[in-house]
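Notes for the one structure printed next.
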Amino acid sequence: MGLTKQYLRYVPGPIFNVIASLKSNAVFVELRAQVGRYVAAGACENVIIWDSKTGEKINTLMGEKHCVTVLKTSPNNRQIAVGYEDGVVRLFDLHSGECLVTFSGHKSAVTCLSFDTDGMRLVSGAKDTNIIVWDTVSEAGLFRLSGHKGPITKCCFLESQNILVSSSIDTLVKFWDLDTHHCFKTLVGHRSEVWDMVVMKDDRYLVTGCSDSELRVWKIRFPNAEEEEEKQKATPKKARSDSDEEDKEDDDDEKDNEDDDNGILQCTKIGTILRQGRDRVLSMTTDASRSILACHGMDSIVELFRFHSEEEIQKIFSKRQRKFKKQHPDSKEEFTVALQDEVLRIKSIQASGKVKAIDIYVSSKEELKLLVLLRGNSFEIHVADTKVSNKNEMTKVGALSIPGHRTDVRALCFSSDKIALASASGESLKIWNRGSQNCIRTMACDYALSILFATGDRNVVVATKTGKLQIFDIAAGRLLEEIPAHEKEVWSVAMSPDLRGIASGGADKKVKFWQFELVPDLAEEQMEDDGRGHGKRLSLAHTRTLQLEEDVLCVKFSPDHRLIAVSLLDSTVKIFFVDTLKFFLSLYGHKFPVLCMDISYDSSTIITGGADRNIKIWGLDFGDCHRSIFAHEDSILGLQFVSKTHLFFSCGKDGKLKQWDADNFENITTLSGHQGQVWTLAVSEDGKYVSTAGHDRSIRLWERTQEPLVLEDERETQREAEADQALALGEDRVIPGIKAGEEASLPGRKTVETERAAERIMEAVEVHKEVSQQLAEYRDKLDQHKQSGKDVSHAPVAPQIHPLMVAYDTTDPDRYLLKVLRQVKSSEVEEALLVLPFHYVCSLLTLLDQLLEKGWETELVMRILLFIVRVHHGPLSNTPSLLSILNRLQSVARKRVDEVRDRIGFNLAGLQYLQRELEEREAVQLFADASDRVKQKRKQRRNKDKAKQRAILTL
């Protein structure tokens, strides 16, 4: 058989068992004109949109290979921004699920995202301490802000001013002027990390959460003289509340902050709010109006607060003032507004588990919906009325927990017909339909270590950490029997080849052999009269015991039922005869205990893998080691042969799934997908499907295709991927015209895509130069031929069209260059231009002059031209040959930009005229409809009166 047909490729299949990843948050999204019903949650590298009422998946926003870290919906609820662990930000359309734009700027995980009020700008913060502002309309980065010394925890825009507020683990809160790209104010009053912050109620309050149980409230003021006078007249002088609880150090910090206030913005601490939780703040969020604040810590308590408006504050203050004067009529103490007048504690919700993230939505009927994402791979939705008193508790109206385990999956097993897949974790056993990935059954069990389907695929046997063997009935979804099999953990169970029994190995240094048997079932006997069965159920009968000197970690039968292999804690594998239990072979060579093993279908080869990261291939005839392979970067946790072959799969704590050939000891392919350790794997009976479960709580299916796999091509692909990764993680480059260490810099970063885009641009410049030269020579020869008056048959032959221009379906070199520039992603244009050598920049500048003369794609050409001139201003101005081009570009560019501005202004004026026309028509139509309704009501009233008169006359 040829090399290209020897192996078939396995490709990634569906991912399930993940409701929401631990690294991501969850948010409400608007779909089908409903808000508060659909929830978007990060699930490994994808984003799943769930229907909280039915528990179904509505849509999946597909990622690539890095885990989702943060989600944020746009103000118009049409798009959702997704931040990833590799620093990439993607913008998806919620209705179509299509990725609209990809922003690459950060070098590490994105930690926060925020839109401005119009949704035109998006700000992202990451663990690399940088903040980047993106333009979602032009699909490009605006600038990068550097100033924090630690990972960014929160960024948000102010609604009333062009100001950005950011917080970080470096204990600082910074205010950035987005017009000048400069930090003009820093709050230094925090003693520990600022884990989250929110801006409340028309940019009047800033609330920060730190490592203690307090929420610090800051008052934001914009010192405009007229506004300040109006505020002083409208409201009494405000004082800090809770000042009795503050120590002198906080007062000193507050004075320092007041001294540092400048004319743009003033931020003063007015008090603290004491939370119920004693640990640090994990996250805070607000509703769309920024009047309700929700916060939580590391525990299961979610607290809600309401910030009052100015009118409500005045009412509360006046009421408290009257009460105070009534109780203390002789008191001359000056009474001031306190924080308790401005903030009301609404409710505290006790969730069913530890809280990971929250989101809130307030409907037009003042109904508050609270989304609580739990650490146990589930979420809840609570509902309350914000108008009622805080004595009324919130009502839990929905939860989603069935499509996923609460803890990591520790064992997997396919049924014999590969239709069902069983998974077991620390709290439950679930049966999945492999085709639809739906959970068919969920049964509570002890901490599972190994599972297998019993003969007939109607029952599942679970080996537990408590030393029990649990037998479950799949159809009834109940536990049939608990057998105290071992005194300690049962690490492994194996089915005998004759399908009549199993063997179990535990930490009590014993291997026990069990036989399947049918015993009377008391629960079924009670239902015999209903025709439910004969009152029999499956059970296990203990037949033999093999006593060993060390703890048993793994047990495996040979397919010919002649031998049984036992892995021990002393790093050896003992082989015994099944019939007599006599010792046959001892396989020693591993430095650490063997955690997994398997025997080939012909009982000739055994493979072992353990904590020493090696896979050893042994012969079962003499116990000789054929090969020792350094297979994984960490402990190997799973090994299994593909049926009827000597191909096998391995998985380990390095998160990789690898396929191997036991005959020639080759690594066939490496399948990456899990975002952490891979705990276990299972291969279907025919080898078409492979399932893996990992620490990211995902169960992944890998499907075999008919595509042949060539080892040399696979190695080349791996080398290219490693080179691309090294390029993406390269050192910081020096950008002309931009000094290192500045607060504001370029937003993008060099990636593989930007390198390829730069190569395409350089190639297009070379092709344009070559084709233009050939066309010029052809025209010269054609002119000479016409002047000579020779015969047409001797005319020069036109040059052939360049193959690249044929691929772009054009014969004009200018059109070809413009198409190449247009195909570069808008978010990658600047980074691609930075890679260009200077002589290519000079050539491109000349070509841009030609494109501007023709008036093609003025906006794109001007963007490229301005960036090139700004970055390479010094070298360009010192090149004499380019001075004439630059002077000509100055006049042409201004002319073209004026034309575009006039066109946009004309179109905008036309649209505004149409809008006014439509509004007038709608107003007339509404008036006409109202008149018709009044006439109809009058007519109905007259008819009723006539009917009454007829009835009276009849009487």
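Quick reminder: no glycine exception, Cβ is built from N, Cα and C everywhere.
Annotated features in TrEMBL:
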REPEAT    61-102  repeat 'WD'
REPEAT    103-135  repeat 'WD'
REPEAT    145-186  repeat 'WD'
REPEAT    187-221  repeat 'WD'
REGION    226-263  region 'Disordered'
COMPBIAS  243-262  compositional bias 'Acidic residues'
REPEAT    402-442  repeat 'WD'
REPEAT    483-517  repeat 'WD'
REPEAT    587-628  repeat 'WD'
REPEAT    629-670  repeat 'WD'
REPEAT    671-703  repeat 'WD'
COILED    761-788  coiled coil
DOMAIN    813-916  domain 'Small-subunit processome Utp12'
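Here the repeat 'WD' (61-102) lies next to the repeat 'WD' (671-703) in space: the count of CB pairs under 8 Å, restricted to residues six or more apart, reaches at least 3. Across the coiled coil (761-788), mean pLDDT in this model comes to 84.
Residues 794-796, 798-799, 802, 804-805, 813-814, 816-817, 820-821, 824, 832-833, 836-837, 840, 843-844, 847 of the same chain lie 6 or more positions beyond the ends of the coiled coil (761-788) yet place their CB under 8 Å from a CB of it. Nonlocal intrachain contacts for the repeat 'WD' (187-221), taken as residues 6+ away from its ends with a CB within less than 8 angstroms of a stretch CB, comprise 150, 153-154, 156, 158-161, 165, 167-174, 228, 238, 249-250, 253-254, 256-257, 265-286, 290-291, 293, 295, 297, 307, 309, 339, 342-343. Long-range neighbours of the repeat 'WD' (103-135) within the same chain, counting only residues 6 or more positions beyond its ends whose Cβ lies under 8 Å from a Cβ of the stretch, are 69-72, 74-76, 79, 81, 83-91, 141-146, 148-157, 159, 164, 166, 168, 176, 178, 729, 747-749, 751, 753-754, 827-828, 831.
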